[in-house]
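Peer 1: According to TrEMBL, the record shows the following:
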type     : residues  : note
TRANSMEM : A:26-44   : transmembrane segment
TRANSMEM : A:51-78   : transmembrane segment
TRANSMEM : A:98-118  : transmembrane segment
TRANSMEM : A:125-143 : transmembrane segment
TRANSMEM : A:173-193 : transmembrane segment
TRANSMEM : A:223-248 : transmembrane segment
TRANSMEM : A:260-284 : transmembrane segment
TRANSMEM : A:296-315 : transmembrane segment
């Protein structure tokens with residue numbers, strides 16, 4: 001059982017040789033960190049920051065669907081809602097950037113608590129529909145409330161100085177700040193998944209009645225996972241508001257909830273790195289196709305169809321599957 | 001005498017060759033940032049890129065020996081993609097000017113970036129008056145129209161014809177509210193009355209209850225403060241409910257020639273609207289629109305004509321200033337009147353507002369229309385000073 005879970009979680013590692021397993025894991029982590037540190041010198045920094053924000057968003061979403069088996073179709077509410085709160089706090093109240101993001105994250109956590117408390121009473125499609133309906137309410141609030149600026153959004157949000165020390169208007173400073181936020185969020189997810197709490201979540205995903213019969217109060221676990229996922233989505237949204245210096249309706253539309261599903265599925269649901277790869281892929285497509293004459297939504301749609309038909313486990317999931325087959 | 005001679009020589013040197021050295025790099029790059037796949041793809045989109053190319057071709061695709069290059073981008077109506085693309089263009093591709101940008105949210109985002117990075121921004125498509133108000137920029141130029149111009153011009157002209165009492169059908173989002181507010185404040189100013197109004201959600205397909213309220217209000221004019229698909233649906237259903245036959249004037253506060261083309265004359269006939277360009281007005285507009293139609297298969301919208309006008313004015317300013325330095329070119333653009341097939345001696349205000357004329361148009365009946373795209377009668381020519389918000393009252397800090 002344990003080996004099955006760990007191989008599902010860390011697909012690149014071979015389960016039967018612990019030492020080699022550990023070695024590859026550390027090598028992979030170092031490689032990943034190296035790429036992340038070098039990225040702004042190779043690619044356009046704002047683009048990489050966008051990838052990181054969406055990667056964190058997708059990881060947060062994946063925590064819920066990949067490990068707790070809950071398909072939320074309303075995660076844009078947390079992502080976009082936090083973006084509005086952060087933008088408002090930074091622009092109108094003139095708060096310090098980290099504090100603004102924290103406030104955005106807190107608002108997402110609160111929303112997550114309310115949404116979660118209502119939604120986890122139902123399962124499957126009903127769960128998805130409740131989250132969708134609630135997030136649509138947030139969309140209409142964002143459209144109508146005076147502080148959001150309607151469809152014009154909150155624009156010209158100042159990035160400010162982090163802790164009063166670091167000038168975030170410098171692209172590299174901003175980049176490493178975003179990278180730190182991403183790594184902190186990712187580490188939290190990694191820790192959650194590998195904790196006893198994470199194991200219970202997986203048990204609920206596999207067979208909820210059995211988890212109940214073992215004496216777990218599954219609603220509490222599900223609610224906590226929901227709030228955690230919402231908060232991390234909010235963290236991503238708040239950070240994105242500072243990166244782009246704007247918060248707009250795009251981030252609260254249901255299409256955004258769909259986009260994060262797409263990112264997670266493309267990358268590989270239930271793998272830790274999958275959502276990161278998926279987010280990078282979708283954001284890169286949106287960005288690089290924008291300067292060509294190809295219609296972006298059509299291309300992304302076609303890729304999604306191909307992905308679902310040919311490699312259902314997603315990019316990372318499929319690679320992991322092949323590695324595992326070769327090692328056994 | 002000597003100083004005059006010296007100045008003369010200096011001028012001559014500047015004109016010959018030296019001008020070339022003033023360019024920041026070997027190319028003048030124009031970034032056409034537009035919606036190329038969504039709801040604005042018809043009224044801006046690829047047509048805007050073609051309009052810009054037509055302008056560049058008039059200069060032989062080069063200014064003072066420096067090549068003019070046009071690149072395109074699709075912001076997909078997302079402000080963050082618009083911001084990302086504009087930033088990337090300026091930082092890595094050395095784009096000198098960003099143009100077009102329909103969608104106010106996207107335009108506001110780009111305005112912030114071009115202001116920070118000191119690059120010129122030519123807008124033809126967004127409607128928000130904030131772009132030349134509290135969010136104005138010394139590098140931002142707003143061409144073609146804004147919410148105030150289209151709404152208040154229509155209101156003013158109809159009141160002058162004795163159509164004084166209004167009822168509003170408003171799309172329930174910031175753009176709709178803004179159109180309604182602009183029209184209503186004009187009505188109040190000149191003695192019109194607002195008999196009431198109703199707000200419909202964005203993307204409504206059934207307008208029947210709203211239209212019945214408008215009908216029973218007894219107002220002389222029903223003002224549609226919405227856009228695109230909403231206006232098309234509302235107008236269609238209004239004609240089915242017999243509003244125009246009952247003597248009510250239908251005024252669309254924002255309508256493009258493409259919308260009329262989509263609706264067809266039997267339904268759109270009689271609609272009153274304001275545009276800053278109609279292809280069939282002078283020999284010049286007809287000649288240019290013909291060139292445009294040869295490339296695209298359709299007549300230009302006012303936004304596309306505005307793109308042509310803005311790019312041409314920009315290139316002319318670069319030519320006259322002998323440099324692509326953003327500050328100098330911006331000063332030159334403000335310093336000389338806009339003159340082309342669309343505009344005659346139009347000045348640019350300090351807040352970046354291009355004070356072009358607006359034309360009050362009425363959609364022809366099928367019997368009046370003699371050939372394809374023969375859609376509008378020009379009822380009135382409204383000078384820019386009357387059409388736009390007085391720059392002094394715009395709230396823009398650049399205006400003293």
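In case you wondered, yes, glycine gets a Cβ from its N, Cα and C as well.
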Peer 1: Ranking A:223-248, A:260-284, A:296-315 by Cβ pairs under 8 Å to the transmembrane segment (A:173-193), which is first?
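Peer 2: If we count Cβ pairs closer than 8 Å to the transmembrane segment (A:173-193), A:223-248 scores highest.
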Peer 1: Report the listed stretch (A:51-78, A:125-143, A:223-248, A:260-284, A:296-315) having the maximum count of Cβ pairs within less than 8 Å of the transmembrane segment (A:98-118).
Peer 2: A:223-248
Peer 1: Under an 8 Å Cβ to Cβ limit, what residues of the same chain, 6 or more beyond the ends of the transmembrane segment (A:223-248), are close to it?
Peer 2: 46, 49-50, 53-54, 56-57, 59-61, 63-64, 67-68, 70, 72, 75, 78-88, 90, 97, 100-109, 111-113, 115-117, 119-120, 148, 151-159, 168, 174, 178, 181-182, 185, 188-189, 192, 197, 201
Peer 1: Output the single range from A:51-78, A:125-143, A:296-315 maximising the number of Cβ pairs under 8 Å to the transmembrane segment (A:260-284).
Peer 2: A:51-78
